[in-house]
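Record features, source Swiss-Prot:
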- 1049-1063: compositional bias 'Polar residues' (COMPBIAS)
- 1040-1063: region 'Disordered' (REGION)
- 14-34: transmembrane segment (TRANSMEM)
- 350-370: transmembrane segment (TRANSMEM)
- 371-391: transmembrane segment (TRANSMEM)
- 395-415: transmembrane segment (TRANSMEM)
- 452-472: transmembrane segment (TRANSMEM)
- 487-507: transmembrane segment (TRANSMEM)
- 534-554: transmembrane segment (TRANSMEM)
- 883-903: transmembrane segment (TRANSMEM)
- 906-926: transmembrane segment (TRANSMEM)
- 937-957: transmembrane segment (TRANSMEM)
- 981-1001: transmembrane segment (TRANSMEM)
- 1013-1033: transmembrane segment (TRANSMEM)
Amino acid sequence: MFERIISFAIQQRWLVLLAVFGMAGLGIFSYNRLPIDAVPDITNVQVQVNTSAPGYSPLETEQRATYPIEVVMAGLPGLEQTRSLSRYGLSQVTVIFKDGTDVYFARQLVNQRIQEAKDNLPEGVVPAMGPISTGLGEIYLWTVEAEEGARKADGTAYTPTDLREIQDWVVRPQLRNVPGVTEINTIGGFNKQYLVAPSLERLASYGLTLTDVVNALNKNNDNVGAGYIERRGEQYLVRAPGQVASEDDIRNIIVGTAQGQPIRIRDIGDVEIGKELRTGAATENGKEVVLGTVFMLIGENSRAVSKAVDEKVASINRTMPEGVKIVTVYDRTRLVDKAIATVKKNLLEGAVLVIVILFLFLGNIRAALITATIIPLAMLFTFTGMVNYKISANLMSLGALDFGIIIDGAVVIVENCVRRLAHAQEHHGRPLTRSERFHEVFAAAKEARRPLIFGQLIIMIVYLPIFALTGVEGKMFHPMAFTVVLALLGAMILSVTFVPAAVALFIGERVAEKENRLMLWAKRRYEPLLEKSLANTAVVLTFAAVSIVLCVAIAARLGSEFIPNLNEGDIAIQALRIPGTSLSQSVEMQKTIETTLKAKFPEIERVFARTGTAEIASDLMPPNISDGYIMLKPEKDWPEPKKTHAELLSAIQEEAGKIPGNNYEFSQPIQLRFNELISGVRSDVAVKIFGDDNNVLSETAKKVSAVLQGIPGAQEVKVEQTTGLPMLTVKIDREKAARYGLNMSDVQDAVATGVGGRDSGTFFQGDRRFDIVVRLPEAVRGEVEALRRLPIPLPKGVDARTTFIPLSEVATLEMAPGPNQISRENGKRRIVISANVRGRDIGSFVPEAEAAIQSQVKIPAGYWMTWGGTFEQLQSATTRLQVVVPVALLLVFVLLFAMFNNIKDGLLVFTGIPFALTGGILALWIRGIPMSITAAVGFIALCGVAVLNGLVMLSFIRSLREEGHSLDSAVRVGALTRLRPVLMTALVASLGFVPMAIATGTGAEVQRPLATVVIGGILSSTALTLLVLPVLYRLAHRKDEDAEDTREPVTQTHQPDQGRQPA
């Protein structure tokens, strides 16, 4: 089949070139559509169910809202896990499905179960699904701010309520229409409300209740349609508008009568534009702001959506009221562009180094250009495949591309073509005719097809273990393996079509094969080393064995981690205060943090934070926690450009630690989301304790936390805050209430309306709409003594008059701490102890911590402990790779056996793998890089290249033996003759990774372990292949040589017709 393809490519060379140009055009088109991101989206298929339960304590929220929803979700097709969180007035259930489940199908299933759950939920408690977004969907954040001295049309200054109104009714509707945006979340400022604040004394004097006020507002704020009438041939619609249109309309609503006189709302209280009882706030650089967040639709490209949002924001800014502006505070595009710039720089520099090596070794400019052309063509082919399979270009997907490996097949054919054309021209003593040239090109490509196919297949097979990874690790590394295989496949297709056609067209007259000075120098140095190796077999083999043993010992001492942390350039800081800290107090404390850090560190561009829970409760946080972001200036603008990111982080931690009342957890914006998606917590390591009793869980967690704090490397150890929320409990005495003829709900309604407020209609203002709320004045609802005097209406007597008793007659008010939050996982309560690991690897930290906990903490019967975080993924990936990698290596050996039809020679080539691993391990150890899945991918790639090194040399030695050379002659001549392709293989593969190994840009730390392993491994593999493999081959075949007749030694350098093996 390949012969027919090669023949067609040469005969129809212009057609082939035209097809290649077409493929390149499609690749360019695909490149412009290629999704670009910093890292792969590892979000599992999950659906959030958020339920608002106003006034419910965490325990009641769990009992009345969370549990019924969890129960109905059990048994869903493809269900993998449920996680839930119950806080004051809010419930969140996260339903996680198996990978591959369609997210829209999952949402449909969840929605069906929500309908079933509604029957078991209290009145007014309505669950709703979260946005169709991913855990990394928060791609763009902005603030709505008023400039200093800005005034509204009436001359008054802008208030937080005004800015929130602009955000909700001007900015948000426009941004929601941007393609790729699924939801806009808002936090900060106050939702505008029309507040009716009755006076208790006036209500009682008129014999009215809070319920009377609510009913009056509901009855006097509606429009009614009455069909139509026909009159004189025309049809008139009949309507009776009754909506309130101003504050005066509300004030004039009649609540009741007294002595024949109407009693209006203005007679019993005040009507004003009030503030909601908010659950969250936002701050920036020490002042309160309104903060908006874009949630990206799942499957969209973050860079494209961010750019579209940014353009829309610029458009909206031009239409904002004078003095009010939108300020972008976080844009994912900034990180994406920096990360992709690092990838581009590494790939371009690697390509340049590879091309230089080609020019130096091939000695023919046209041949080198044809070979180098494979690099952009293979990349364009890869881009087309990535677009079709919806793989984004990111640090991981492009992180393992090595152009030296990719062009190996093209080098096989081009070098063989050049050699055959040169020999044919030398034989004829004249330039070749076109038909002779085509014949030689066909023969050269035909000879090279076997090593080409086997070489490419071996490298593809060593990437198979990566496809066996599942879960988070699979989503991280599948794109990497897929792009490498795509690039290899594209290069292989081009090698048997474009390369023969291009060689036939552009390489013809005066072709000469000559060795350059570099190769002559290399041969002069290599020959005496080879002779010494062959003369000292025992020493060479002992040295090789000792090297392998030493590196195995070093490998055992290497630390381990899942993947290196990407330096995003910005810092995430979570400030935690004691449970029960009010929202207003928390905001003031957060302002102090922001102003202190901004003033102390000129490297900081801005600090902003979300305190509490936003309007869309995708991330439930109590008011005592602030989720902050420290946005840094570009390093070139730092006063001390030599200061490292780690040094700055350490200084910020130290300075923040001086501010009293706060505990901190430091991370990075994307990193904390990664951790949260992986294990449901934001830290690197999480210890989860499961059980039934909250008090037992809390006590056990404190003991575990104390142990963790003593483990070296543990930082920011904290226990999930499950207790300590101050509660004011109104304990109703049933007997006393019954004596007054009161139901429990009569007392509860009075308390709920007076303190919490009750929605009593909507105020329409054009497209805008605002709640009308009945609630007691702040001076009353904030005082415990005033609440004890809250009038409770008694059932009407014979005279139909309403009488009242104070709340204290039927209830007592008690202040005591209660549960702060209740977390559950798979239907069981749990508490989390979280920690970040710094200064050491996670792989060694967890076993040490686990042993310490087992020896020092006794877990009560019926309770159990598990570990979560990135360590869990490291274990999972390691376990799977330990099974799959040997299988892949076995397949490689099967291919080698098929190539040689000889187990002995297959095993000899296979020895290149341990030789390569020694260099990779040594390189990691020298650079102080722990073992990670990224480094493991490097070792996997290394196995393929190392096998090719041996294949290059051994195939040629075998061909010399078949032609009659003695064993010693074949080994010497073969090793010296194959020095060039072995060095080319090593240099192009290793130099292609050099830019990744030494890069310092954004994302370089993710690629560095892989590049370090490949470079170190190729250097050791090449050295050992050139010196050890000839010794091993002679040793393995000495008995065969003794059994054969002695042949005449061949002294001249042999130039066989067989094509060069893979380079």
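Just so you know, glycine gets a Cβ as well, placed from its N, Cα and C.
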| the transmembrane segment (371-391) versus listed stretches 14-34, 487-507, 883-903, 1013-1033: most Cβ pairs under 8 Å | 14-34
| query | Under 8 Å, at least 3 Cβ pairs, sequence separation 6 or more: does that hold for the transmembrane segment (883-903) versus the transmembrane segment (534-554)? | reply | no
| To the transmembrane segment (906-926), which of 534-554, 981-1001, 1013-1033 is linked by the most Cβ pairs under 8 Å? | 1013-1033
| remark: If you count CB pairs under 8 A between the transmembrane segment (395-415) and each of 350-370, 452-472, 487-507, 937-957, the winner is 487-507
| field | Highest-contact recorded stretch vs the transmembrane segment (452-472), from 534-554, 937-957, 1013-1033, CB pairs under 8 Å | value | 937-957
| Would the transmembrane segment (350-370) count as touching the transmembrane segment (937-957), i.e. at least 3 C-beta pairs under 8 angstroms with sequence separation of 6+? | no
| For the transmembrane segment (534-554), which recorded stretch in the set 350-370, 487-507, 981-1001, 1013-1033 gives the largest number of Cβ pairs separated by under 8 Å? | 1013-1033
| Who are the long-range neighbours of the transmembrane segment (981-1001) in its own chain, taking Cβ under 8 Å and residues 6 or more past its ends? | 338-339, 341-342, 345-347, 349-351, 353-354, 357-358, 361, 399, 402-405, 407-408, 411, 415, 519, 522, 945, 948-949, 952-953, 1007-1008, 1010-1012, 1014-1015, 1018-1019, 1021-1022, 1025-1026, 1060-1063
